[in-house]
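Asker: Okay, these came from Swiss-Prot:
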| type | residues | note |
| --- | --- | --- |
| TRANSIT | 1-31 | transit peptide |
| REPEAT | 165-199 | repeat 'PPR 1' |
| REPEAT | 202-232 | repeat 'PPR 2' |
| REPEAT | 238-268 | repeat 'PPR 3' |
| REPEAT | 272-306 | repeat 'PPR 4' |
| REPEAT | 307-341 | repeat 'PPR 5' |
| REPEAT | 342-376 | repeat 'PPR 6' |
| REPEAT | 377-411 | repeat 'PPR 7' |
| REPEAT | 412-446 | repeat 'PPR 8' |
| REPEAT | 450-484 | repeat 'PPR 9' |
| REPEAT | 485-519 | repeat 'PPR 10' |
Amino acid sequence: MLTKLRISKLVSYTLPRRIFQRRFLVTNNTAEESPIVAAESPELPSWIKDFLSNKPSSSSSSVSKDDEDFVIPSLANWVESQKFSRQQVSEGNVVKKPVEDIDKVCDFLNKKDTSHEDVVKELSKCDVVVTESLVLQVLRRFSNGWNQAYGFFIWANSQTGYVHSGHTYNAMVDVLGKCRNFDLMWELVNEMNKNEESKLVTLDTMSKVMRRLAKSGKYNKAVDAFLEMEKSYGVKTDTIAMNSLMDALVKENSIEHAHEVFLKLFDTIKPDARTFNILIHGFCKARKFDDARAMMDLMKVTEFTPDVVTYTSFVEAYCKEGDFRRVNEMLEEMRENGCNPNVVTYTIVMHSLGKSKQVAEALGVYEKMKEDGCVPDAKFYSSLIHILSKTGRFKDAAEIFEDMTNQGVRRDVLVYNTMISAALHHSRDEMALRLLKRMEDEEGESCSPNVETYAPLLKMCCHKKKMKLLGILLHHMVKNDVSIDVSTYILLIRGLCMSGKVEEACLFFEEAVRKGMVPRDSTCKMLVDELEKKNMAEAKLKIQSLVQSKTMIDSHSPLSVS
């Protein structure tokens, strides 16, 4: 449980007996940085501190000048020594780190943006030993660039002593599906199926296929893949497989197709409790509460008892509508039926109350949790930190963050992402960078940075025109196998446009287009308008030409978003 020193003082203003009883909360609007975070955080290198403060460094006469000297990293052939030479000299680090195989491969993959056939030819000069772990790492780094990923995949399979496994095939299938190259995706699945002895096509393979089809709005294709997978690939169409399909359809906003599958297969594939919970969640998500209730009644008729997952779907939907009266009624109904809310339920309620600016009630949720003997988890902490930060209580948020391990709860990537966003929201740029550095020291993969980790940091760099720090962060992303996706390009293009860095925005736009990611509509218009304002006619024509040529080649580009 959380210590009284940390949590109890937060709810001492309220101490509600019912979680929705209205009280006032006295907020702490201090801007003081948490001494706990400051004391335990690792020291930042001077070259990052200089970028944040715009002070001259000991090894550079003008950081601001360097900060303007921006060259977009190609995300692979970045010359590390060029960018980090000052750090190496100042720290006396004269020993060069050997170039890792992953970096050698990435150097080749980013030499030019060409077809996957050309990538295969280029890699013929690459002298690395191919292993399964190397293949998986490369596919993670290029999960948004199917040409490079697929070219490397083909080349790797031709190397002496190496044969692709089911894991690497599935990873490549997922990349192709993510990039919506479905024809090539199916070719690869059929290639996997030729190896009858190994049985490479599994439910994991087909689940990735169905999920990617559903995500692209190809709901009928996803259903067809399920119906054909036993006959064509020997993958059993059982309850688990049906649930995988229905879950994909519901998550991608098609409860109608999921319900249709359920009705069609009801007599041939026996549903289980998860089947009903998927449908109930889908109906609640679509605000079809009568249908959700009817499904819960059918669940009971088929001798399955509604559980905490069932009720939490209703709670979440009512929370999103801001109908806390019905939320309270649902919580009471749960208890009457012998089903206590769990930490997921309480986290949803607390987060929604905080979002509705009912902060006293939100913090009061913890008291109710204690009554039920419910122990907070990492997601609960993340929500609590977010609420405290948004209400000006950043010092409390930082203390709660630091106290997590004392309470036996490990910080994960979601908690770090929330804390980084909170630090930046309160102009604690240096603390945010410390947190990013601390993530590397956490054990396990649960704290590996993801796109959401970097997004607010990149946004800060654009807003404050920290061009060199922006480059360092992009490099850091690649080193952590975080693929630059279309959303990141949009963030960069729009952020740089708003900061007057139009030339840099053009560079990112060009790179996105070369990789098949075309930010259309509002993003493109913003860039063109900014170029027009600055009388950059030549650059404007180039951007318009890029978009038009790409549109002609692929008028239905699956990666085009606004």
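Yeah, the Cβs are placed from backbone N, Cα and C, and that goes for glycine too.
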Asker: Which residue counts does DSSP give the repeat 'PPR 2' (202-232) for helix, strand and coil?
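Answerer: Reading the DSSP string over the repeat 'PPR 2' (202-232) gives 27 helix, 0 strand, 4 coil.
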Asker: According to DSSP, how is the repeat 'PPR 10' (485-519) divided among helix, strand and coil residues?
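Answerer: Helix (H, G, I), strand (E, B), coil: 26 helix, 1 strand, 8 coil.
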Asker: Which bits of the chain, at least 6 residues beyond where the repeat 'PPR 2' (202-232) starts or stops, bring a Cβ under 8 A of a Cβ in it?
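Answerer: Contacts with the repeat 'PPR 2' (202-232): 166, 169-170, 173-174, 177-178, 180, 182, 185, 189, 192-193, 240-242, 244-245, 248-249, 251-252, 254, 257, 260-261, 558.
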Asker: Below 8 angstroms Cβ to Cβ, which residues of this chain, lying six or more residues outside the repeat 'PPR 3' (238-268), approach it?
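Answerer: Contacts of the repeat 'PPR 3' (238-268) (Cβ under 8 Å, skipping residues fewer than 6 from its ends): 203, 206-207, 210-211, 213-215, 217, 219-220, 222-223, 226, 229, 274-275, 278-279, 281-283, 285-286, 288, 291.
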Asker: With DSSP as the reference, give the number of residues of the repeat 'PPR 5' (307-341) in helix, strand and coil.
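Answerer: Split into helix, strand and coil, the repeat 'PPR 5' (307-341) gives 27 helix, 0 strand, 8 coil.
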Asker: Helix, strand, coil residue numbers for the repeat 'PPR 1' (165-199) per DSSP?
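Answerer: Going through the repeat 'PPR 1' (165-199) residue by residue, I get 25 helix, 0 strand, 10 coil.
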Asker: Averaging the per-residue pLDDT over the repeat 'PPR 2' (202-232), what integer do you get?
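Answerer: Here the mean pLDDT over the repeat 'PPR 2' (202-232) amounts to 97.
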Asker: Excluding the flanking five residues on each side, which residues at least 6 beyond the ends of the repeat 'PPR 4' (272-306) place their CB within less than 8 Å of a CB in that stretch?
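Answerer: Distal contacts: 239, 242-243, 246-247, 249-250, 253, 255, 258-259, 262, 313-314, 316-317, 321, 337, 339.
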Asker: Please list the DSSP helix, strand and coil residue counts for the repeat 'PPR 3' (238-268).
Answerer: 24 helix, 0 strand, 7 coil
Asker: Per DSSP, what is the helix/strand/coil residue tally across the repeat 'PPR 6' (342-376)?
Answerer: 26 helix, 0 strand, 9 coil
Asker: Per DSSP, what is the helix/strand/coil residue tally across the repeat 'PPR 7' (377-411)?
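Answerer: Each residue of the repeat 'PPR 7' (377-411) counted once, the result is 26 helix, 0 strand, 9 coil.
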Asker: What are the DSSP helix, strand and coil residue counts for the repeat 'PPR 9' (450-484)?
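Answerer: Per-class counts: 27 helix, 0 strand, 8 coil.
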